[in-house]
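Just below is one structure, and these are the notes that go with it.
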Amino acid sequence: MEFLFQILIILLSARVLSEVSERAGMPGILGEILAGIFLGMTVLENTDTISSVAELGVIFLLFIAGYKEVHIEDLKASSKKAIVATVFQILIAFISGFGLGYLFGLGNLESLVLAVAFSPTSIGVTVKTLLDMNYLSSKAGSMMLSSAIFDDIISIFLVSIVSTMAQHNAIPSSMQFLTMIGKLVVFIGVMFLLSHYVFSRLFGYVRKMHSRESIFATVILIALFAAYFAEAMGLHAVIGAFVGGVLLSNISVAKIEDVQSKVSGLAYGMLTPVFFVDIGMSVDPTSLGAAGIFTVLIVVFGLLGKLVGGFVGAKTVGFNFYESLIFGAGVMPRAEVTLVTISIGREMGIIGEEIFSAVVLLAAVSIFVAPILLKFAIQKDKENKNSASG
Amino acid sequence: MDNVFVEKEIYCHWIGVFSGRELDMNRLSTEEGYSDLDEKCSRIFVKDIMRTRPVTIKGDDSVERVLEVFNENQFHTYPVVEKNGSFLGIIDQNIILQLLLTHRVSRLDHTHLMAVKSLSESARGIMIPHPVTIPPEMDLCEVAEIMLKHKVDRFCVVDNDKLVGIICKPDVIKAIYSIRG
C-alpha cells in the first residue's frame with residue numbers, strides 16, 4: 001500500500017512539474033528533479049523499493065539513448081574538426097573537475113567522479129535554442145551536432161571507467177586499467193556477435209510467437225540481459241544497457257514503430273521520471289548551504305570548464321570569436337549522463353551529499369544559463385556578420 | 001526519380017486490375033472449393049496481391065525533391081532505393097511533418113538524431129533505414145497476422161535486397177474479403 005502511494009505521488013508530481021517546466025521553456029527533467037526535491041523535503045523518504053525502480057529508470061534511460069538516438073553511421077560522417085573540438089571541450093571540463101577536487105583536498109577517486117560528471121553535454125537543450133534562433137545549420141550548430149555524438153560515446157566510456165574503478169575503490173594500476181579496457185572490448189565484441197547471429201534470428205521467431213507483446217517483451221528482456229551481462233563482466237549495468245540499445249537499433253523487427261512507442265512509454269512514462277525524482281529526493285538543500293563556497297565553485301567551474309573548453313576547441317579549428325562562443329555555450333548544458341555519473345558515484349559510496357547536491361545544482365543551472373548565453377552569442381554573431389557585410 | 005510510377009487512386013488498393021495479376025485472381029476464383037478461409041488465405045502470397053511499381057524515392061534525391069513527391073502524391077510512405085533498385089529504407093508522412101514543423105515537435109524529440117535529420121540534404125539522410133520488410137513468398141495469412149499483431153499498416157516487399165513491391169492493409173483486407181466470397 002505504501003509503495004503504491006509512493007509511486008503514485010512520484011509519478012503525479014513528476015508529470016505535473018515536468019509539464020510546468022516544459023511550458024516555462026525548460027526541459028521536463030528539471031521539473032522532475034524539482035518534484036523530487038519537494039517530495040524529499042515533505043512527504044516521502046527514499047526507500048529501497050524506490051531506489052530499485054530508479055535503477056531500472058537509469059538502465060532504460062541509457063538503453064533508449066542507444067536504441068532510439070544513436071546512429072553509428074553519423075560517426076563516419078563527422079568531421080575531424082568536430083573530433084578536435086570535442087576532445088578539447090571534454091578534456092578542459094574534465095581537468096577543471098579534477099583540478100577543483102584536488103584543490104579542495106578530495107581523494108583521487110572522488111575528484112575523478114567530479115571530473116567525469118563535468119564532461120558530458122546534453123545536446124537536447126542546445127538543439128531547442130539553435131532551432132529557435134534558426135542557427136542549427138550554422139557552422140557552429142553543425143559542429144555541435146557532430147561533437148555531440150563523440151561527446152556521448154566518450155562520456156559513456158568515461159562513466160564505464162569510473163564505475164569500474166569504484167568497484168576497486170581506488171585509482172587502478174596500469175594492469176587493472178588494461179584489464180578493464182579488455183573487459184569492455186570483450187563485452188562489446190560478445191554483444192556484437194550475439195546481436196548479429198542470435199538476436200536478429202531470435203526476433204524472426206519472436207515475430208511469429210502467439211503470446212501477446214512478444215517483440216516488446218523481447219526488447220525489454222535484451223535490455224535487462226545486456227545490463228546484467230555488463231555487471232557480470234565487472235562493468236556497470238548502464239554501459240551494458242547503452243550498448244544493448246545501440247545494437248538492437250540495427251534490428252528492424254525490434255524497431256517496429258509500435259514497439260518503439262511502447263519502449264518509450266515504459267521508459268519516459270514511468271521509469272526515468274522515478275530516476276530523476278530519486279535524484280531530486282537525494283539532494284540535501286542544507287548540505288548545499290553548508291558546503292558554501294565549494295558548491296558555488298562546482299557550479300562555476302562546471303560551467304566555465306565547458307565554455308572555455310568549447311571556445312578553445314572551436315578557435316583551434318579556425319572558428320571566429322563569436323562562433324567559438326556559440327560552440328562553447330552550446331556544449332554547456334549537463335543533464336542525463338552527468339546525473340547518471342553522480343548517482344553511480346553516490347551508490348558506490350565515492351561521493352558525499354555535498355558533491356552530489358552541488359552537481360545536481362550545476363545541471364539545473366547549466367540548463368538555465370546555457371540557452372541565455374547561447375542566444376546572446378548568436379545575436380552578437382549575427383550583428384558581427386551584418387556589420388561585416390553591410 | 002526516373003522509375004517513379006504514380007497512380008494515386010489505386011495505390012495501396014486491391015490491384016487485380018493489372019493484367020499481370022488477373023491470372024492470380026482467376027486462380028482465386030477457381031478455388032471456391034476451399035472451405036476454410038485460413039487454408040485459402042495460406043495459398044495466396046504477397047507477390048499475388050502486392051503493388052509492383054510503387055512510387056519510389058532515390059537515396060540521392062534532394063530533400064526538396066522528396067517534399068515535392070509528398071506534395072504531388074497522397075501516400076503515407078515511400079520506399080527509398082538505390083539507382084539499381086536496392087532497397088534502402090522508407091520515408092513516411094511523420095518524418096515530413098517533423099521536418100516541416102521542427103520547431104513544434106516535443107522537446108523530448110529535440111535529439112541529436114532529429115537535428116541531424118533536419119539538416120540533411122538528401123533522402124538518404126532523412127529516411128528510416130532498414131525497416132521491417134517481407135519477402136514476396138510470404139502468405140496472406142502471415143502478413144495479415146503480422147499487420148494485426150504488430151500494428152503495421154504497410155510493408156515494402158524485398159527480394160534479394162531489391163524492392164519488388166509494397167503491400168498495404170487495404171490490399172490485405174480486400175484480398176481476404178474477396179476469397180471469403
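Just so it is clear, glycine is given a Cβ too, placed from its N, Cα and C backbone atoms.
Residues or ranges marked as domain 'Cation/H+ exchanger transmembrane' in TrEMBL: A:11-378. Marked as transmembrane segment by TrEMBL: A:49-70, A:82-105, A:111-131, A:143-165, A:177-199, A:211-229, A:265-283, A:289-313, A:325-344, A:356-378.
Long-range Cβ contacts of the transmembrane segment (A:143-165) within its own chain (Cβ-Cβ under 8 Å, at least 6 residues beyond either end) map to 62, 65, 70, 74-75, 77-79, 81-83, 85-87, 89-90, 94, 109, 112-113, 116, 119-121, 123, 126-127, 130, 136, 171-172, 180, 183-184, 234-236, 238-239, 242, 314, 317, 319, 327, 330-331, 337, 340-341, 344-345, 348. Per-stretch counts of Cβ pairs under 8 Å to the transmembrane segment (A:325-344) identify A:356-378 as the leading one among A:49-70, A:82-105, A:211-229, A:356-378.
Remark: the transmembrane segment (A:111-131) contacts the transmembrane segment (A:289-313), by the rule of 3 or more CB pairs under 8 A. When each of A:49-70, A:82-105, A:265-283, A:289-313 is scored by its Cβ pairs under 8 Å to the transmembrane segment (A:211-229), the top-ranked stretch turns out to be A:49-70. Long-range Cβ contacts of the transmembrane segment (A:49-70) within its own chain (Cβ-Cβ under 8 Å, at least 6 residues beyond either end) map to 3, 6-7, 10, 149, 152, 156, 219, 223-224, 226-227, 237-239, 241-249, 255, 260, 263-264, 266-268, 271-279, 281, 336, 340, 343. Within its own chain, the transmembrane segment (A:289-313) has Cβ neighbours under 8 Å at 84-97, 99-100, 104, 114, 118, 121, 324-325, 327-332, 334, 354-355, 357-359, 361-362, 365-366, 369, 373, counting only residues six or more beyond its boundaries. Under 8 Å from some Cβ of the transmembrane segment (A:356-378) lie the Cβ atoms of residues 25-27, 30, 33, 114, 117, 122, 125-126, 128-130, 133, 135, 279-280, 282-285, 287-288, 291, 294-295, 298-299, 302-303, 306-307, 322, 325-326, 328-330, 332-335, 338-339, 342, 345-346, all in the same chain and six or more residues away from its ends. Within its own chain, the transmembrane segment (A:82-105) has Cβ neighbours under 8 Å at 111-112, 114-119, 121, 143, 146-147, 150-151, 154-155, 158, 294, 297-298, 301-302, 304-306, 308-310, 312-314, 316-317, 327-328, 331, counting only residues six or more beyond its boundaries.
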